[in-house]
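Below is one structure, written out as structure tokens; comments come after it.
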Amino acid sequence: MVLAVKSSKLYIGYELDEGIAWVVEDLNMSIESNITYCLIGESGCGKSTIGNAIAGLLPPYAYTHGKLIVMDKNVIDEGVRRFNGIRGKIVVKIPQDPASALNPYMTIGDQLDIAVKNYFRNLSDREVKAKTLELLSEVMLDREVYDMYPHQLSGGMKQRAAIALALAPEPKIIVADEPTSSLDAYLKHAIASLLKKLQREWELTMIFITHEIPIAQYVCNRVAVIYAGRIVEEGSASDVLQNPRHPYVELLLKAYPKRLARERLTDIPGMPPPPGRYPQGCKFVPRCPYVFNRCRIEEPPLIALGNRLIRCWRYYE
Amino acid sequence: MIRSIYVVVHDILSILSRTWRKRYSFRIASVAMTFVFLLAILGPHIAPYPRQGLGLDVDRSRALLPPSPEHLLGTDSFGRDLLSRILFALSRALYPSIVVAFVSLLLGIAIGSTATLLPKPIEISLSYLIELLLALPSVLLAALLAILMGGTLTSIVVALIVTWFPWYARIAYIQARNLKELDFVKLPLYYGLSKGYVIIKHIAPNILAPMLIEALSDMGSVVLEISTITFLFGIGITSIEEPDLGMMIAYSLRDLARAPWTFLAPSIVLATIAIVFTVFGEAIYEEHHPVLKKRWWLWF
């Protein structure tokens, strides 16, 4: 089994006045190639930071520590970041907001042409255009879109155009940062199934960041639930989302409305801890219903339980 | 490239037509502005006394005549027909102001949008330099340049460009800073496209439309500024024969008590131009920024 992304003891932080706030801490993650790997979690828990780190789009003021290996290349090695040759060629990112990814003063065709030309420099103009039209049909857009401006497209079409733009360099890994968050319920499903189809046909490794459980269930093979910058539960999608073990995941699934469900929705009391002010011991202590003494003192390691990984003292033998 | 120009033009035209539909003041101002431009273009051809208008004919015996059917606005102290003088002066006031507004617009966009993508220390020092230039008084600079360059219209134009472009550069810089955080500017840079390309294709077209409107509304102030400089120093015009609104007002001051029309006619023309341009620009500006629509309420 080939690993597309592997991280060991990865720390990512941003500079504050008081020092460095570590947003992602002690991340040990290994993603096999040709699967869809899902990162689920609340807002502000570090999902997007992990996605940006893999896509090589960390801002220059970010601090890193540990190791991240993408496609056998050591991109983050302690403080050094070497993304040349990886970023934009092997790993691309599908942006959260398609409106900000497209230049309002250029046609979709022009923008795609430039992206294609940037990666395949020895193509003639005619070949570039053919390739662009192929990309457009790949994301199920009409040929007319080639001559349209972003403001003439609907939200779903814009997102499709943004996906086409990301696929232009023929990448191996795509990081989809909440690609469905700005769409309505029908389009959410349409875009998700498009991404699923592309993942299968292009043999991509997709890292899918979302906070919507039904979409994750539909698209993903493996799921990692992130809380306070660390993985709390990881396993195959059907396993984790049907039969959660970690108390946070249990509560998270109860907080999401299910079709035809009779049980009441509950919320998780409290707030996720802000980066830089994580509590001592297990990070879920202030909100956990099953808390006991050991949780407050020591942080649990990520332990294997059957075919999943879990970070909780309750399952520690 | 042609298509992106077309989009910018289309943007501007849509703003203009929207303002036309909603604002009476804008309709009046744009009709008046068209009239002023027509007069400036046709003026030299329809002037009743073209030689007097250019200042070639001087007839002291007909000096300071009041308005009459023969001389609709009267004559000045050299016996020249004031109407012809004003018609000739109009084009000499408008053309330099167009040059000043658009050259400083282009300079401002180029500098402002380049500054955002330069390394941090250069960016900061460049923005400080621009703010330093903002403090430069245009009138004094024009006087200095007139000494250095020998008193031509070019020296006034250069002085005004140097003092006007920092305003545009600052607006362009602020707008480009907003764009810099968007994905279609950020990602190409990360993915290895050149900075010049990103500036030309992604940043400049996006800030051009609002800045063009800014330049249009500023042209009234530029006309006023040129006239101020010629009123004070008379530079840019080698002799007093040349028709120029600022200089006409300056020379009429001596005969203010005896022949007020020599003072009133050019000043009213100048005030009209300034008011028309300002109302024109203000209407578009307030229509373009919906937040500012009720700005006058803040005065009370």
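In case you wondered, yes, glycine gets a Cβ from its N, Cα and C as well.
Annotated features in TrEMBL:
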type: DOMAIN; residues: B:94-281; note: domain 'ABC transmembrane type-1'
type: TRANSMEM; residues: B:24-47; note: transmembrane segment
type: TRANSMEM; residues: B:93-118; note: transmembrane segment
type: TRANSMEM; residues: B:139-169; note: transmembrane segment
type: TRANSMEM; residues: B:189-209; note: transmembrane segment
type: TRANSMEM; residues: B:221-240; note: transmembrane segment
type: TRANSMEM; residues: B:260-285; note: transmembrane segment
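Taking every recorded stretch in B:24-47, B:139-169, B:189-209, B:260-285 and counting its Cβ pairs under 8 Å to the transmembrane segment (B:93-118), the highest total belongs to B:139-169.
Remark: the transmembrane segment (B:260-285) contacts the transmembrane segment (B:24-47), by the rule of 3 or more CB pairs under 8 A. Listed by sequence, the residues of this chain that lie at least six past the ends of the transmembrane segment (B:24-47) yet keep a Cβ under 8 A from its Cβ atoms are 53, 81, 83-84, 87-88, 90-91, 93-95, 272-273, 276-277, 279-280, 283-284, 287. Long-range contacts of the transmembrane segment (B:189-209) within the same chain, counting only residues at least 6 positions beyond its ends with a Cβ under 8 Å from a Cβ of the stretch, are 4, 7-8, 11-12, 15, 109, 112-114, 116-117, 172, 175-176, 179-180.
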